[in-house]
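Remarks on the structure that follows.
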Amino acid sequence: MAELKNDRYLRALLKEPVDVTPVWMMRQAGRYLPEYKATRAQAGDFMSLCKNHELACEVTLQPLRRYDLDAAILFSDILTVPDAMGLGLYFEAGEGPRFERPTDTIDAIKKLSIPDPEDELGYVMKAVSTIRRELNGAVPLIGFSGSPWTLATYMVEGGSSKTFEKIKKMAYAEPMALHMLLDKLADSVILYLNAQVANGAQSLMIFDSWGGALSHSAYREFSLRYMQKIIDGLTRFADGRKVPVTLFTKGGGLWLEAMAETGCDALGLDWTVDIADARRRVGHKVALQGNMDPSMLYAPIPRIEEEVGHILAGYGEGTGHVFNLGHGIHQHVDPEHAGAFIKAVHAQSKQYHK
């Protein structure tokens, strides 16, 4: 593998000195870019794009051609794992992801098998190795998965949900069934992420998009417990370097201390968290990633630059901060505004790394 030319993202996650604060954007390969839309049209639909390793590589690299980003993230979807379990993933126009066969009974859960990442998910591994080769050491490659709880919400609900009624009913009326599902998902995610590292991923991220829907105690029981199991099972060294792991629970500001105890290297913060407060609470243990409101990219460029300065000042001096949005970039954002955001992070952060 080519030697890494820009490792500031990995260094910041491990709280090693950097020259400027590294920056990347969740969903940086996405619909706000005209070149992404053209490639997606070429693929036919979203999952065809994910399953074609050459096109998945192309869209992963597109934002790096435009912007001075400090990391690339694998272009894929969190629902690849349940899809590989045979649930029949499809996308309904305007409805988002759906499953033909929801996992909403204990019998359905018992029948689930753990997918082989090199077989049923081989297309993801091919994408990882292709992207790593094509990056040629320019920046690190981030691999990722959804958290067991978040994957389970889609599997039990049969798709997206605003109320999470079915999975919460299972959690409280049939907790053993849900624990069986979460356990299988944790085992699947461990294999999946370790295979991504074996194929070239240099950092890992676990997206717990719906952990914030849980009560204070239920979060620990049904989400954090299984992310802990994953972290305990991950490959943490490859190519002679540590493979940093970032946990991100959207709406997880209540639980930063508990998340920091898992042994992860960094916590992702959504835009509702004050980064200065987060650093006071857990900055001695973990790095922090975040956390500008993605909607701020609709603001005039001087306002974006002002907000970048505010967040950098909130974190303060020294390493341990990876700048990002608090969630994925919106599809109608002007690419110029995204570019101004990235430039502002690098330009304004030098003063914090003397």
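For all residues, glycine too, the Cβ spot is worked out from N, Cα and C.
Note that the structure is predicted; figures quoted are calculated from it, not measured.
According to Swiss-Prot, the substrate binding site annotation covers R27, Q28, A29, G30, R31, D77, Y154, S209, H327, on the basis of sequence analysis. The 10 Å shell around the Cβ of A29 (substrate binding site) contains 25 further Cβ atoms across the protein chains shown. Reduced to three states, the DSSP call for A29 (substrate binding site) is coil.
Positions annotated as site 'Transition state stabilizer' by Swiss-Prot: D77. Applying an 8 A CB threshold to same-chain residues 6+ apart, the list for D77 (site 'Transition state stabilizer') reads F46, M47, C50, P97. According to DSSP, D77 (site 'Transition state stabilizer') is assigned to coil rather than to any helix or strand.
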For each of R27, H327, count the other CB atoms within 10 A of its CB; which of these binding-site residues has the top count? H327
Sequence-ordered list of residues in the chain of Y154 (substrate binding site) that lie 6 or more positions away and have a Cβ within less than 8 Å of its Cβ, or none, is L79, P82, P97, F99, S160
Kindly assign Y154 (substrate binding site) to one of the three DSSP-derived states: helix, strand or coil. helix
